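Single-structure report; data block below.
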């Protein structure tokens, strides 16, 4: 059996005491209850109950013993502190402390010496030595089997515990310093294992997809939306190119049909001699050809919009739905005005000549388009009944439009007279003076450039008239108004077709 021994030095008033796995009370505490004293008895295993009973029965005998007691703790110090009369024998030598322990606990347990010897052999107990350097860390508790074999766990009083704790800490420090090879490499191994444990975790965290922040998600959504809009614009552009190609093919076919019908100048004409070019191709610019193609597309789209509007009016659509069709018509008129504005800058004579119109429409043209005042007279009877306020507004619009038309007409007439006078200012003889001729042509071109301004003002007047009607009329009245305008120009185009298809008299 293993024991834990401690050597305690007493104060001058007390003698040295002997503790064999237990602490005894002083003689001054004779009348006290042993259960309430600070001395505690701790025995391991199955012998604890017998040991407590023994010490209780022999309490009186222990008080009569000599006060000089030897502590089982440190072997060398205890031998110097024990009186010779107590444990010294004859010259043969001192009592062995292990034999004293064996005899004492043999008496306590009532066991045979042979059983004690077998128990010591089975437990592999080493000779009792000073256990300053424990073979195991202090915080590791021994197993229950070792406790059963050893039998006792030495108790100590509070004073001895306080005195033994610094010595235990010192022994632990000495153990750590003396045997670095035993405990030193273990923390690095543990750290290495921990690092190995953390390694896959960190790599897995790096491999795991990171959730982007809201700003990145918003940017990704914006990029996707921009890409989607770009694809839609590209698709619309491709469709527009395809439709333009189809329109160009149709225009070429119309030119071929016109050439087949005999729209040529004579062989000695001023526009190409014997080249036999059609009139509409002799002096047509590229901008004029594009405008004719876009105008043909605009006519088809206008016809579709008018069919939808007529269907909505006939089926008595609600006011809000009907307003959508009316707004589409106004927007469509704005589109043709923009096309004419671009052509005015590049080829104003193409607009004024009316080559993009049918012959019947050309008869009623005024400065590259219809007269707004005449249009108001036509539709006034088609949008009745009108309120008094609406009637006054339309009459005022008609009057202001008529005044603007008269002013533009007078300006255009003055331009024509001035241009004619400039050209005929010099003698109209064939061998003319080249210096005077070039001066007259430069002056005439300068005056002719004002024609662009007249055409632009006329288009603005037509545009304002359309929008003013849209504002004065209700939604249903505006729908009937646009249907009447579309039907009017459709009949003019039909008249031209009928005129070309009429039977020829010989």
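A Cβ is built for glycine as well, from the same backbone N, Cα and C atoms used for every other residue.
Segment annotation: Swiss-Prot labels motif 'Nuclear localization signal' over residues 217-224 (candidates 185-192, 193-200, 217-224). Of the listed segments 22-50, 51-79, Swiss-Prot assigns region 'Disordered' to 22-50. With DSSP classes pooled into helix, strand and coil, the tally for the domain 'bZIP' (213-257) is 44 helix, 0 strand, 1 coil.
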